[in-house]
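Colleague: The structure's right below; bear with me while I get my questions together.
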Amino acid sequence: MSSSFDVLIVGIGGQGTILASNIIGEACLIEETPIKGVETHGMAQRGGSVESHVRIGGEFGPLIVPGGADLMIALDLLEAVRYRHYLKKGARIIANDHTVVPTSVHMQSLDMPGRDALVADLADFDLTLVDAADLAAEAGNLIVQNVVMLGAAAPSFPLKPESLEEAVRRSVPPKTLDLNLRAFALGREAGLKKE
Amino acid sequence: MVKRYLLGNEAIAHACIEAGIDFASGYPGTPSSEVVDTLRAQKEREFYIEWSVNEKVAFENALAASWCGLRSMVTMKHVGLNVAADPLMTSAYTGAKGGFVVLSADDPYAHSSQNEQDTRRYAHFAKIPCMVPASVQEAHDMMKDAFALSEAVGLPVLYRPTTRICHSKGDVDLAEASEEHRTGAFEKDPTQYVVVPAHTRVLHKKLNEKQPAVRKAVHALGYNTAEVRGKTAVVACGIAASYVREVLPADVSFMKIGCFPVDPAWMEEFVRAHETVLIVEEGAPIVEERLRQLSCGVKVFGQMDGTVPKEGEFSPALVAEMMVKAGILAASPFQAPAAAAPGLPPRPPVLCAGCPHRSVFYAIKRAFPDGIYPSDIGCYTLGLQLGTVDTTICMGASVTVGSGIAHSGEERPVVATIGDSTFLHTGIQGLINAVYNNAEMTLVILDNRITAMTGHQPNPCTGETAMGASSVPVSLEALCRACGVQFVETVDPYDFTASLQVLKEAKARPGVKVVIAKQACVITAKRAKVRRGRYVVDPEVCTACGACLRFGCPAIGRDENDKAVINELCNGCGVCADLCPTGAIGKEGRR
């Protein structure tokens with residue numbers, strides 16, 4: 001059996017799950033820890049529901065088994081609920097305290113669960129809610145919400161926060177480096193506060 | 001040697017560079033596209049590269065390069081190989097000179113595909129070797145060996161990764177880029193390259209005679225491995241081998257198949273050493289068919305007896321279940337997950353906010369409320385959610401299905417939609433045919449100047465080659481006129497009123513009509529720094545009628561009073577302002 005620490009990053013196509021998983025990958029390279037992962041490309045990128053599997057210490061395949069993930073980073077609250085069955089009992093969830101209403105709700109007149117109902121659906125887990133938009137705005141641009149969330153999850157990783165921070169340096173476009181480092185720091189602070 | 005965290009496709013592309021590739025061509029298709037895109041992105045490039053108009057064209061270009069002694073590769077997805085199947089079959093006869101690798105990526109579970117066919121069948125059909133990687137590292141190593149194998153046996157080598165290889169990531173050991181590059185030179189040899197019957201009969205015999213040497217060369221690569229540990233065995237191929245290894249008990253034998261054709265004597269020896277064998281392979285039961293022929297007396301579990309699913313993709317949990325069924329594991333080692341949450345609204349992929357296709361589909365629905373809408377393969381297949389996609393089969397089939405329906409006595413108007421890249425791929429032949437045979441239909445070419453779905457690869461409408469050189473963009477108007485179409489009109493889909501008018505004009509005319517809806521893909525426009533400004537809803541004027549919401553744009557939602565509200569996704573196409581019956585929507589800062 002694999003002894004990997006399995007992280008599921010979920011969200012909406014375009015929110016930056018791929019960059020988040022790349023940063024974790026770089027951090028593993030820095031710590032010389034094996035890593036495997038897999039993510040959604042193609043069709044699902046167009047605003048669809050996306051999932052990225054990351055297996056820190058993983059030596060076998062890239063897929064996380066339902067019921068096997070140790071940690072979830074959810075860039076959207078509704079997506080956290082959609083993928084909660086991937087988590088181990090009582091596992092940790094770092095979720096954005098915000099959800100984008102899917103177009104299907106308007107087009108097909110479907111019911112959209114409210115924020116409190118979504119939070120209640122995650123009651124069995126160790127949930128930390130983060131206002132990613134607020135912190136990203138504080139860092140300087142809404143676009144860095146993914147890095148805010150990664151920062152908030154940093155205390156829950158079996159990796160040194162410094163490795164993750166160095167990985168941010170190596171993974172983001174140079175001219176956005178300061179912005180991303182601020183986002184990571186603000187997220188980390190928020191994650192620690194909730195510990 | 002350097003270790004990097006790479007996507008499977010990036011690792012494959014790097015292996016090509018390590019192997020000294022000279023020529024690469026392909027047609028984009030998920031999950032294969034990033035191989036050529038990664039090669040394209042190299043700053044220093046000592047090889048030729050092109051995105052071709054379709055897979056057959058790409059295949060024949062790369063085959064010719066191989067005949068000239070170059071190391072060449074052609075990339076596509078499994079369904080693309082159907083388009084290139086004609087030259088594939090005969091290329092086994094003519095053979096390869098420079099290493100020639102045919103990368104055809106399979107998509108178990110059809111994450112982004114119209115079917116789940118298995119490329120390995122084609123290798124068997126064509127009598128050429130096939131390589132199936134089980135991990136990102138192996139995908140890298142195998143690709144390097146594929147060129148050498150092709151040269152050693154003088155045949156094209158099929159390289160078949162799957163979605164969970166192409167789009168998975170891992171820490172990969174890479175080597176240095178090769179310094180060696182070749183200059184192509186064609187040596188005339190009609191007996192080899194002109195497949196008239198007299199030559200081809202000889203070539204077929206030669207191909208058959210090569211087979212024992214091919215099996216030997218494949219086996220010598222060491223990607224087919226076997227370890228005997230007990231009386232029970234699991235045999236696996238591709239990514240499934242990684243899932244098996246995750247759950248395999250220590251006393252169970254394991255055989256991994258990475259390359260075909262498999263040496264039957266080697267497989268027979270392994271099988272006969274066991275009482276029970278489970279075969280775990282995604283796709284078709286290719287290993288299983290061979291193994292069952294050699295298994296007399298051995299209990300075999302696989303797809304054929306229902307132990308292993310015949311469709312979809314596997315996972316470690318699913319593989320554990322198969323092992324339980326075959327009596328190899330007493331119980332699955334994975335704990336039962338929490339229940340999936342019921343009743344959540346789905347979030348399928350949608351056309352982007354400001355996508356020009358949405359507006360065209362909306363206008364089509366208005367102009368042809370009783371229409372039949374054959375469509376094609378690309379982003380615009382997502383028009384399904386707007387109710388304007390009635391059929392999708394394969395690249396180019398919108399036009400042909402459209403003319404077929406039109407010739408069947410159907411009274412309702414037929415309006416087919418096709419993207420620019422798809423039109424150039426195989427749509428144009430259908431148009432020639434429809435016009436010449438007097439079909440009654442309207443074809444709308446959704447011309448966004450790029451192959452958007454697969455990651456914005458250039459095509460001959462773009463005006464830039466894969467090498468980054470500017471080139472003459474093809475004139476779709478002139479092409480359609482040359483096909484004999486009398487009514488060819490170009491519209492700007494952001495001008496909803498004018499687009500609707502032209503579609504109505506097309507409806508009133510007889511024969512084949514073409515409307516070209518031309519507007520750059522909203523993502524490429526954004527990257528090119530086109531800023532149109534955002535639109536906003538005036539809540540005082542909005543009556544919450546929902547007309548704009550039916551447009552299906554992800555930038556439009558409702559506020560707590562059910563009134564429309566436009567979010568930050570807005571790209572400023574402004575079509576919603578045209579659609580609003582009360583004039584509540586306008587450009588930000590303009591009121």
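A Cβ is built for glycine as well, from the same backbone N, Cα and C atoms used for every other residue.
Keep in mind that TrEMBL annotations are predicted by a computer and have not been checked by a curator.
According to TrEMBL, the protein carries these features:
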- B:533-561: domain '4Fe-4S ferredoxin-type' (DOMAIN)
- B:C542, B:C545, B:C548, B:C580: [4Fe-4S] cluster 1 binding site (BINDING)
- B:C553, B:C570, B:C573, B:C576: [4Fe-4S] cluster 2 binding site (BINDING)
- B:562-590: domain '4Fe-4S ferredoxin-type' (DOMAIN)
Colleague: Using the Cβ centroid of B:C542, B:C545, B:C548, B:C580 as the reference point for the [4Fe-4S] cluster 1 site, which residues of the same chain not in that list have Cβ within 8 Å?
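Modeller: Near the [4Fe-4S] cluster 1 site, the remaining chain residues are B:V537, B:T543, B:A544, B:G546, B:A547, B:L549, B:A564, B:C576, B:L579, B:P581, B:T582, B:A584, B:I585.
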Colleague: What are the DSSP helix, strand and coil residue counts for the domain '4Fe-4S ferredoxin-type' (B:562-590)?
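Modeller: Helix (H, G, I), strand (E, B), coil: 5 helix, 6 strand, 18 coil.
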Colleague: Could you find out if DSSP has B:C545 ([4Fe-4S] cluster 1 binding site) as helix, strand or coil?
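Modeller: Looking at the DSSP assignment, B:C545 ([4Fe-4S] cluster 1 binding site) belongs to neither helix nor strand, so coil.
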Colleague: How many Å lie between the Cα of B:C573 ([4Fe-4S] cluster 2 binding site) and the Cα of B:C548 ([4Fe-4S] cluster 1 binding site)?
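Modeller: So the alpha carbons of B:C573 ([4Fe-4S] cluster 2 binding site) and B:C548 ([4Fe-4S] cluster 1 binding site) sit roughly 13 Å from each other.
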Colleague: Show, in sequence order, which residues other than B:C553, B:C570, B:C573, B:C576 on the same chain lie with their Cβ within 8 Å of the centre of the Cβ atoms of the [4Fe-4S] cluster 2 site.
Modeller: B:A353, B:G354, B:Y535, B:F551, B:A555, B:I556, B:I566, B:N571, B:G572, B:G574, B:V575
Colleague: Which residues in the same chain, at least 6 apart in sequence, have a Cβ under 8 Å from the Cβ of B:C545 ([4Fe-4S] cluster 1 binding site)?
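Modeller: Set apart from B:C545 ([4Fe-4S] cluster 1 binding site) by at least 6 residues yet with Cβ under 8 Å, we have B:P581, B:T582.
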Colleague: If you draw a 10 Å sphere around the Cβ of B:C542 ([4Fe-4S] cluster 1 binding site), how many other Cβ atoms fall inside it, taking every protein chain shown into account?
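Modeller: There are 21 such Cβ atoms around B:C542 ([4Fe-4S] cluster 1 binding site).
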Colleague: Pick from B:C553, B:C570, B:C576, B:C580: which of these binding-site residues has the biggest number of other Cβ atoms within 10 Å of its Cβ?
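Modeller: Selected residue: B:C553.
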Colleague: Which of the three DSSP states, helix, strand or coil, fits B:C553 ([4Fe-4S] cluster 2 binding site)?
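Modeller: B:C553 ([4Fe-4S] cluster 2 binding site) sits in coil per DSSP, no helix or strand.
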Colleague: Name the one residue among B:C553, B:C570, B:C576 whose Cα is closest in three-dimensional space to that of B:C542 ([4Fe-4S] cluster 1 binding site); these are the binding-site residues.
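Modeller: It is B:C576, whose Cα lies nearest.
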Colleague: Validating a neighbour-count step here. Other CB atoms within 10 A of the CB of B:C573 ([4Fe-4S] cluster 2 binding site): how many?
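Modeller: So the number of other Cβ atoms within 10 Å of B:C573 ([4Fe-4S] cluster 2 binding site) is 25.
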Colleague: Counting only residues 6+ apart in the same chain, whose Cβ is under 8 Å from the Cβ of B:C548 ([4Fe-4S] cluster 1 binding site)?
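Modeller: B:V537, B:I556, B:A564, B:C576, B:L579, B:C580, B:I585 - these are the non-local Cβ neighbours of B:C548 ([4Fe-4S] cluster 1 binding site), listed in sequence order.
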Colleague: Please average pLDDT over the domain '4Fe-4S ferredoxin-type' (B:562-590) for the predicted structure.
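Modeller: Summarising the domain '4Fe-4S ferredoxin-type' (B:562-590) by its mean pLDDT gives 94.
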